[in-house]
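Down below is the structure, laid out as C-alpha coordinates.
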Amino acid sequence: MSLYDDLGVETSDSKTEGWSKNFKLLQSQLQVKKAALTQAKSQRTKQSTVLAPVIDLKRGGSSDDRQIVDTPPHVAAGLKDPVPSGFSAGEVLIPLADEYDPMFPNDYEKVVKRQREERQRQRELERQKEIEEREKRRKDRHEASGFARRPDPDSDEDEDYERERRKRSMGGAAIAPPTSLVEKDKELPRDFPYEEDSRPRSQSSKAAIPPPVYEEQDRPRSPTGPSNSFLANMGGTVAHKIMQKYGFREGQGLGKHEQGLSTALSVEKTSKRGGKIIVGDATEKDASKKSDSNPLTEILKCPTKVVLLRNMVGAGEVDEDLEVETKEECEKYGKVGKCVIFEIPGAPDDEAVRIFLEFERVESAIKAVVDLNGRYFGGRVVKACFYNLDKFRVLDLAEQV
(Lines of atoms letter the chains of each structure in order from A and count residues from 1; the text may use other names and numbers.)
(Lines give C-alpha, C1' and ligand atoms only; values in the text may rest on other atoms or scores of the structure.)
Protein backbone atom coordinates (compact mmCIF):
# COMPACT_ATOMS: atom_id res chain seq x y z
CA MET A 1 0.00 0.00 0.00
CA SER A 2 1.40 3.36 -1.03
CA LEU A 3 1.55 6.45 1.13
CA TYR A 4 -0.69 8.50 -1.23
CA ASP A 5 -3.34 5.85 -2.12
CA ASP A 6 -6.10 7.53 -0.12
CA LEU A 7 -5.76 10.83 -2.03
CA GLY A 8 -7.85 11.37 -5.10
CA VAL A 9 -5.99 11.37 -8.38
CA GLU A 10 -6.94 14.15 -10.76
CA THR A 11 -8.16 13.02 -14.13
CA SER A 12 -7.06 14.45 -17.39
CA ASP A 13 -10.48 16.09 -17.90
CA SER A 14 -9.75 18.80 -15.35
CA LYS A 15 -6.93 20.13 -17.50
CA THR A 16 -9.32 20.99 -20.31
CA GLU A 17 -12.11 22.26 -18.09
CA GLY A 18 -12.16 25.64 -19.75
CA TRP A 19 -13.43 24.46 -23.19
CA SER A 20 -14.41 20.76 -22.94
CA LYS A 21 -17.79 21.44 -21.29
CA ASN A 22 -18.94 23.75 -24.08
CA PHE A 23 -17.73 21.31 -26.72
CA LYS A 24 -19.62 18.42 -25.12
CA LEU A 25 -22.77 20.53 -24.93
CA LEU A 26 -22.49 21.32 -28.64
CA GLN A 27 -22.11 17.65 -29.51
CA SER A 28 -25.15 16.71 -27.46
CA GLN A 29 -27.24 19.41 -29.13
CA LEU A 30 -26.22 18.23 -32.58
CA GLN A 31 -27.08 14.61 -31.73
CA VAL A 32 -30.52 15.58 -30.40
CA LYS A 33 -31.28 17.63 -33.50
CA LYS A 34 -30.14 14.85 -35.82
CA ALA A 35 -32.29 12.29 -33.97
CA ALA A 36 -35.33 14.56 -34.24
CA LEU A 37 -34.90 14.94 -38.00
CA THR A 38 -34.48 11.20 -38.65
CA GLN A 39 -37.50 10.36 -36.51
CA ALA A 40 -39.68 12.84 -38.37
CA LYS A 41 -38.57 11.45 -41.75
CA SER A 42 -39.33 7.84 -40.73
CA GLN A 43 -42.79 8.76 -39.46
CA ARG A 44 -43.54 10.59 -42.72
CA THR A 45 -42.65 7.52 -44.82
CA LYS A 46 -44.66 5.12 -42.64
CA GLN A 47 -47.88 7.11 -42.48
CA SER A 48 -48.04 8.21 -46.13
CA THR A 49 -50.37 5.88 -48.18
CA VAL A 50 -50.43 5.49 -51.96
CA LEU A 51 -53.76 4.41 -53.51
CA ALA A 52 -53.98 2.11 -56.54
CA PRO A 53 -55.18 3.48 -59.89
CA VAL A 54 -58.96 3.57 -60.40
CA ILE A 55 -60.34 1.23 -63.11
CA ASP A 56 -63.84 1.70 -64.55
CA LEU A 57 -65.30 -1.84 -64.83
CA LYS A 58 -68.89 -0.85 -65.62
CA ARG A 59 -68.25 0.36 -69.11
CA GLY A 60 -68.35 -2.29 -71.78
CA GLY A 61 -65.82 -3.01 -74.42
CA SER A 62 -62.51 -4.62 -74.76
CA SER A 63 -59.80 -4.46 -72.31
CA ASP A 64 -57.94 -2.05 -74.59
CA ASP A 65 -60.75 0.49 -74.22
CA ARG A 66 -60.60 0.48 -70.51
CA GLN A 67 -59.49 3.80 -69.17
CA ILE A 68 -57.11 3.97 -66.27
CA VAL A 69 -57.31 7.10 -64.28
CA ASP A 70 -54.20 7.76 -62.28
CA THR A 71 -54.63 9.78 -59.17
CA PRO A 72 -51.80 11.32 -57.25
CA PRO A 73 -50.84 9.61 -54.02
CA HIS A 74 -52.80 10.84 -51.02
CA VAL A 75 -50.81 12.06 -48.13
CA ALA A 76 -52.50 12.31 -44.76
CA ALA A 77 -53.13 15.86 -43.61
CA GLY A 78 -51.09 17.24 -40.76
CA LEU A 79 -48.10 14.95 -41.41
CA LYS A 80 -46.10 17.23 -43.70
CA ASP A 81 -44.14 18.94 -40.89
CA PRO A 82 -44.49 16.71 -37.89
CA VAL A 83 -43.26 18.01 -34.57
CA PRO A 84 -41.11 15.59 -32.59
CA SER A 85 -42.98 14.29 -29.62
CA GLY A 86 -39.98 14.41 -27.35
CA PHE A 87 -39.73 18.26 -27.31
CA SER A 88 -42.14 21.01 -26.37
CA ALA A 89 -42.82 24.12 -28.45
CA GLY A 90 -41.17 26.46 -25.93
CA GLU A 91 -37.72 24.80 -26.00
CA VAL A 92 -34.77 26.53 -27.62
CA LEU A 93 -33.78 23.55 -29.77
CA ILE A 94 -36.91 23.77 -31.94
CA PRO A 95 -36.35 26.15 -34.91
CA LEU A 96 -38.98 28.92 -35.01
CA ALA A 97 -40.35 30.35 -38.22
CA ASP A 98 -40.17 34.02 -37.02
CA GLU A 99 -36.93 33.77 -35.10
CA TYR A 100 -35.01 37.07 -35.08
CA ASP A 101 -31.99 37.09 -37.33
CA PRO A 102 -29.74 40.18 -37.03
CA MET A 103 -28.27 39.51 -40.47
CA PHE A 104 -31.68 39.44 -42.10
CA PRO A 105 -33.12 42.88 -43.08
CA ASN A 106 -36.25 44.04 -41.24
CA ASP A 107 -38.57 47.08 -41.12
CA TYR A 108 -37.09 48.79 -38.04
CA GLU A 109 -35.66 51.76 -39.96
CA LYS A 110 -38.91 52.24 -41.83
CA VAL A 111 -40.93 52.25 -38.61
CA VAL A 112 -38.59 54.76 -36.95
CA LYS A 113 -38.67 57.02 -40.00
CA ARG A 114 -42.48 56.84 -40.12
CA GLN A 115 -42.78 57.79 -36.44
CA ARG A 116 -40.33 60.66 -36.86
CA GLU A 117 -42.26 62.03 -39.82
CA GLU A 118 -45.48 61.75 -37.84
CA ARG A 119 -44.05 63.75 -34.94
CA GLN A 120 -42.70 66.38 -37.33
CA ARG A 121 -46.09 66.68 -39.00
CA GLN A 122 -47.79 67.05 -35.62
CA ARG A 123 -45.32 69.76 -34.63
CA GLU A 124 -45.93 71.68 -37.85
CA LEU A 125 -49.67 71.52 -37.30
CA GLU A 126 -49.34 72.92 -33.78
CA ARG A 127 -47.08 75.73 -34.98
CA GLN A 128 -49.48 76.63 -37.78
CA LYS A 129 -52.37 76.63 -35.34
CA GLU A 130 -50.50 78.96 -32.98
CA ILE A 131 -49.72 81.37 -35.83
CA GLU A 132 -53.36 81.44 -36.87
CA GLU A 133 -54.49 82.16 -33.31
CA ARG A 134 -51.97 85.00 -33.03
CA GLU A 135 -53.17 86.53 -36.29
CA LYS A 136 -56.74 86.24 -35.13
CA ARG A 137 -55.99 88.01 -31.85
CA ARG A 138 -54.19 90.78 -33.72
CA LYS A 139 -57.14 91.30 -36.03
CA ASP A 140 -59.57 91.33 -33.11
CA ARG A 141 -57.41 93.90 -31.31
CA HIS A 142 -57.55 96.39 -34.19
CA GLU A 143 -61.13 95.66 -35.10
CA ALA A 144 -63.70 98.21 -33.84
CA SER A 145 -66.91 97.19 -32.12
CA GLY A 146 -70.16 98.85 -31.12
CA PHE A 147 -72.09 101.69 -32.69
CA ALA A 148 -69.48 104.31 -31.88
CA ARG A 149 -66.75 102.18 -33.51
CA ARG A 150 -64.71 102.15 -30.30
CA PRO A 151 -62.42 99.35 -29.17
CA ASP A 152 -63.90 96.60 -27.09
CA PRO A 153 -63.62 97.56 -23.40
CA ASP A 154 -63.17 93.92 -22.40
CA SER A 155 -59.73 93.64 -24.00
CA ASP A 156 -57.77 94.61 -20.90
CA GLU A 157 -54.81 92.54 -21.95
CA ASP A 158 -54.53 94.36 -25.26
CA GLU A 159 -54.73 97.74 -23.53
CA ASP A 160 -51.93 96.77 -21.16
CA TYR A 161 -49.83 95.65 -24.09
CA GLU A 162 -50.38 98.92 -25.93
CA ARG A 163 -49.60 100.91 -22.79
CA GLU A 164 -46.30 99.08 -22.27
CA ARG A 165 -45.36 99.52 -25.92
CA ARG A 166 -46.11 103.24 -25.71
CA LYS A 167 -43.90 103.60 -22.63
CA ARG A 168 -41.04 101.81 -24.34
CA SER A 169 -41.24 103.93 -27.47
CA MET A 170 -41.40 107.18 -25.51
CA GLY A 171 -38.06 108.97 -24.99
CA GLY A 172 -36.55 110.10 -21.70
CA ALA A 173 -38.51 112.71 -19.78
CA ALA A 174 -37.10 116.22 -19.63
CA ILE A 175 -36.46 117.77 -16.22
CA ALA A 176 -38.47 120.90 -15.59
CA PRO A 177 -36.40 124.08 -15.13
CA PRO A 178 -36.11 125.55 -11.61
CA THR A 179 -38.79 127.96 -10.50
CA SER A 180 -36.25 130.74 -9.98
CA LEU A 181 -35.42 130.78 -13.68
CA VAL A 182 -39.10 130.83 -14.59
CA GLU A 183 -39.73 133.77 -12.25
CA LYS A 184 -36.78 135.71 -13.63
CA ASP A 185 -38.00 134.89 -17.11
CA LYS A 186 -41.28 136.61 -16.36
CA GLU A 187 -39.50 139.69 -14.99
CA LEU A 188 -37.43 140.26 -18.14
CA PRO A 189 -38.58 143.11 -20.45
CA ARG A 190 -40.59 142.34 -23.56
CA ASP A 191 -38.26 144.15 -25.98
CA PHE A 192 -36.01 141.09 -26.31
CA PRO A 193 -37.34 139.02 -29.21
CA TYR A 194 -35.09 136.06 -28.48
CA GLU A 195 -36.27 135.78 -24.90
CA GLU A 196 -39.74 134.72 -26.00
CA ASP A 197 -38.32 131.99 -28.21
CA SER A 198 -36.04 130.62 -25.50
CA ARG A 199 -38.76 130.61 -22.79
CA PRO A 200 -40.06 127.09 -22.03
CA ARG A 201 -43.56 126.83 -23.49
CA SER A 202 -44.79 123.97 -21.37
CA GLN A 203 -43.35 122.29 -18.32
CA SER A 204 -45.46 119.20 -18.82
CA SER A 205 -43.83 118.19 -22.10
CA LYS A 206 -42.67 114.59 -22.04
CA ALA A 207 -39.62 114.82 -24.32
CA ALA A 208 -36.93 117.46 -24.66
CA ILE A 209 -37.33 119.55 -27.85
CA PRO A 210 -34.02 120.40 -29.56
CA PRO A 211 -33.34 124.08 -30.29
CA PRO A 212 -34.06 125.33 -33.81
CA VAL A 213 -31.21 125.32 -36.29
CA TYR A 214 -30.66 128.65 -38.04
CA GLU A 215 -28.42 129.77 -40.82
CA GLU A 216 -25.76 132.32 -39.94
CA GLN A 217 -27.66 135.24 -41.46
CA ASP A 218 -31.05 134.17 -40.00
CA ARG A 219 -29.85 133.61 -36.38
CA PRO A 220 -31.54 136.03 -33.91
CA ARG A 221 -29.12 138.56 -32.53
CA SER A 222 -28.93 139.56 -28.87
CA PRO A 223 -29.26 143.28 -28.10
CA THR A 224 -26.17 145.41 -28.38
CA GLY A 225 -24.62 146.60 -25.17
CA PRO A 226 -21.60 146.30 -22.97
CA SER A 227 -22.23 142.62 -22.27
CA ASN A 228 -22.73 141.54 -25.91
CA SER A 229 -19.26 139.99 -26.22
CA PHE A 230 -19.71 138.11 -22.97
CA LEU A 231 -23.07 136.74 -24.09
CA ALA A 232 -21.54 135.60 -27.35
CA ASN A 233 -18.82 133.77 -25.46
CA MET A 234 -21.26 132.28 -22.95
CA GLY A 235 -23.36 130.72 -25.70
CA GLY A 236 -26.62 132.66 -25.36
CA THR A 237 -28.94 134.16 -22.78
CA VAL A 238 -29.64 130.84 -21.03
CA ALA A 239 -26.08 130.64 -19.74
CA HIS A 240 -26.22 134.34 -18.88
CA LYS A 241 -29.30 133.78 -16.73
CA ILE A 242 -27.69 130.85 -14.95
CA MET A 243 -24.61 132.96 -14.18
CA GLN A 244 -26.83 135.78 -12.89
CA LYS A 245 -28.66 133.30 -10.68
CA TYR A 246 -25.41 132.37 -8.97
CA GLY A 247 -24.41 136.00 -8.40
CA PHE A 248 -22.42 137.02 -11.48
CA ARG A 249 -22.34 140.70 -12.36
CA GLU A 250 -20.59 142.41 -15.25
CA GLY A 251 -17.23 143.81 -14.14
CA GLN A 252 -16.97 141.73 -10.97
CA GLY A 253 -14.63 138.83 -10.34
CA LEU A 254 -15.69 135.30 -9.60
CA GLY A 255 -15.23 133.76 -6.19
CA LYS A 256 -16.58 134.25 -2.71
CA HIS A 257 -14.74 137.53 -2.18
CA GLU A 258 -14.83 138.63 -5.85
CA GLN A 259 -11.11 138.01 -6.09
CA GLY A 260 -11.36 136.14 -9.39
CA LEU A 261 -10.12 132.68 -10.24
CA SER A 262 -6.58 132.31 -11.53
CA THR A 263 -6.56 128.50 -11.47
CA ALA A 264 -9.14 125.97 -12.57
CA LEU A 265 -11.45 124.29 -10.12
CA SER A 266 -10.65 120.74 -9.04
CA VAL A 267 -12.70 117.90 -7.60
CA GLU A 268 -11.74 116.00 -4.46
CA LYS A 269 -13.12 112.50 -3.91
CA THR A 270 -14.73 112.14 -0.48
CA SER A 271 -16.34 108.71 -0.85
CA LYS A 272 -16.85 105.96 -3.38
CA ARG A 273 -19.51 107.93 -5.28
CA GLY A 274 -19.17 111.41 -3.86
CA GLY A 275 -16.84 114.37 -4.06
CA LYS A 276 -16.59 118.12 -3.62
CA ILE A 277 -15.35 121.04 -5.71
CA ILE A 278 -12.23 122.81 -4.42
CA VAL A 279 -10.78 126.11 -5.62
CA GLY A 280 -7.20 125.91 -6.91
CA ASP A 281 -5.71 127.97 -4.05
CA ALA A 282 -7.53 125.81 -1.52
CA THR A 283 -6.04 122.67 -3.03
CA GLU A 284 -2.54 124.05 -2.53
CA LYS A 285 -3.34 124.91 1.08
CA ASP A 286 -4.78 121.46 1.68
CA ALA A 287 -1.68 119.85 0.20
CA SER A 288 0.56 121.89 2.49
CA LYS A 289 -1.61 120.98 5.49
CA LYS A 290 -1.39 117.31 4.61
CA SER A 291 2.39 117.49 4.33
CA ASP A 292 2.61 119.24 7.74
CA SER A 293 0.17 116.89 9.46
CA ASN A 294 2.14 113.77 8.50
CA PRO A 295 5.86 114.55 9.01
CA LEU A 296 6.82 110.91 9.50
CA THR A 297 8.67 110.80 6.20
CA GLU A 298 10.73 113.81 7.25
CA ILE A 299 11.50 112.23 10.62
CA LEU A 300 12.76 108.98 9.11
CA LYS A 301 15.28 110.72 6.88
CA CYS A 302 17.96 110.89 9.65
CA PRO A 303 17.51 107.89 11.98
CA THR A 304 19.69 107.39 15.08
CA LYS A 305 19.78 105.03 18.05
CA VAL A 306 18.20 107.63 20.38
CA VAL A 307 14.42 108.20 20.37
CA LEU A 308 12.84 111.31 21.90
CA LEU A 309 9.25 111.06 23.22
CA ARG A 310 7.30 114.24 24.01
CA ASN A 311 3.83 114.97 25.38
CA MET A 312 3.59 111.63 27.21
CA VAL A 313 3.03 113.41 30.55
CA GLY A 314 2.58 117.02 31.52
CA ALA A 315 4.75 119.24 33.68
CA GLY A 316 4.89 118.04 37.30
CA GLU A 317 3.46 114.58 36.50
CA VAL A 318 6.76 112.67 36.50
CA ASP A 319 6.93 109.91 39.13
CA GLU A 320 9.41 107.17 40.05
CA ASP A 321 7.69 104.41 38.04
CA LEU A 322 7.52 106.34 34.74
CA GLU A 323 11.09 105.49 33.72
CA VAL A 324 10.73 101.77 34.47
CA GLU A 325 7.33 101.48 32.77
CA THR A 326 8.52 103.30 29.64
CA LYS A 327 11.61 101.13 29.37
CA GLU A 328 9.61 97.90 29.76
CA GLU A 329 7.05 99.07 27.19
CA CYS A 330 9.73 99.84 24.59
CA GLU A 331 11.56 96.54 25.11
CA LYS A 332 9.23 94.96 22.51
CA TYR A 333 10.91 97.00 19.73
CA GLY A 334 14.43 95.95 20.76
CA LYS A 335 16.88 96.01 23.63
CA VAL A 336 16.95 99.40 25.38
CA GLY A 337 20.32 100.47 26.77
CA LYS A 338 19.36 103.61 28.72
CA CYS A 339 16.21 105.60 29.55
CA VAL A 340 16.49 109.26 30.67
CA ILE A 341 13.66 111.65 31.66
CA PHE A 342 14.40 115.37 31.39
CA GLU A 343 12.02 118.23 32.32
CA ILE A 344 12.45 121.73 30.86
CA PRO A 345 11.24 124.44 33.23
CA GLY A 346 9.05 127.18 31.80
CA ALA A 347 8.29 125.28 28.58
CA PRO A 348 4.77 124.61 27.25
CA ASP A 349 2.91 121.67 28.73
CA ASP A 350 3.36 119.43 25.65
CA GLU A 351 7.12 120.22 25.46
CA ALA A 352 8.00 120.29 29.17
CA VAL A 353 8.81 116.59 29.74
CA ARG A 354 11.20 114.75 27.41
CA ILE A 355 11.84 111.00 27.59
CA PHE A 356 14.99 109.72 25.86
CA LEU A 357 15.46 106.04 24.93
CA GLU A 358 18.77 104.69 23.64
CA PHE A 359 18.45 101.43 21.66
CA GLU A 360 21.32 99.12 20.78
CA ARG A 361 20.26 99.00 17.11
CA VAL A 362 18.97 101.66 14.74
CA GLU A 363 16.31 99.28 13.39
CA SER A 364 14.75 99.02 16.85
CA ALA A 365 14.67 102.81 17.14
CA ILE A 366 12.94 103.11 13.75
CA LYS A 367 10.27 100.61 14.84
CA ALA A 368 9.67 102.57 18.04
CA VAL A 369 9.29 105.91 16.21
CA VAL A 370 6.89 104.47 13.61
CA ASP A 371 4.73 102.84 16.28
CA LEU A 372 4.76 105.53 18.98
CA ASN A 373 4.42 108.68 16.86
CA GLY A 374 0.79 109.83 17.02
CA ARG A 375 -0.15 107.22 19.62
CA TYR A 376 -2.57 108.10 22.45
CA PHE A 377 -1.16 107.78 25.99
CA GLY A 378 -3.20 108.99 28.95
CA GLY A 379 -5.37 111.22 26.74
CA ARG A 380 -2.34 112.80 25.05
CA VAL A 381 -0.93 112.39 21.53
CA VAL A 382 2.68 111.23 21.74
CA LYS A 383 5.29 112.92 19.51
CA ALA A 384 8.23 110.66 18.65
CA CYS A 385 11.41 111.62 16.77
CA PHE A 386 15.12 110.86 16.62
CA TYR A 387 17.75 112.71 18.66
CA ASN A 388 21.47 113.28 18.07
CA LEU A 389 23.49 110.50 19.70
CA ASP A 390 26.52 112.67 20.51
CA LYS A 391 24.42 115.32 22.23
CA PHE A 392 22.60 112.64 24.19
CA ARG A 393 25.86 111.17 25.50
CA VAL A 394 27.08 114.58 26.70
CA LEU A 395 23.58 115.13 28.21
CA ASP A 396 22.74 118.12 26.02
CA LEU A 397 19.00 117.40 26.27
CA ALA A 398 17.42 120.86 25.92
CA GLU A 399 18.08 121.41 22.21
CA GLN A 400 15.19 122.67 20.12
CA VAL A 401 13.71 119.90 17.95
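Cβ atoms here come from the backbone N, Cα and C positions, even for glycine.
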Annotation match for phosphothreonine in Swiss-Prot, from THR179, THR237, THR304: THR237
Listed as SUMO2 cross-link by Swiss-Prot, one of LYS110, LYS184, LYS256: LYS256
From the candidates LYS15, LYS167, the one which Swiss-Prot records as SUMO2 cross-link: LYS15
10 Å Cα neighbourhood of LYS276 (SUMO2 cross-link): matching recorded positions from LYS33, LYS41, SER266: SER266
Candidates LYS24, LYS33, LYS41 (recorded sites) - the one closest to SER266 (phosphoserine) by CA: LYS24
Average pLDDT across the domain 'G-patch' (235-283), rounded to a whole number: 71
Structural state of LYS41 (SUMO2 cross-link), classified by DSSP into three states: helix
Cα-to-Cα gap, LYS41 (SUMO2 cross-link) vs LYS24 (SUMO2 cross-link), nearest whole Å: 26
LYS33 (SUMO2 cross-link) to LYS24 (SUMO2 cross-link) - Cα separation in whole Å: 14
Number of helical, extended and coil residues in the domain 'RRM' (306-385), per DSSP: 21 helix, 27 strand, 32 coil
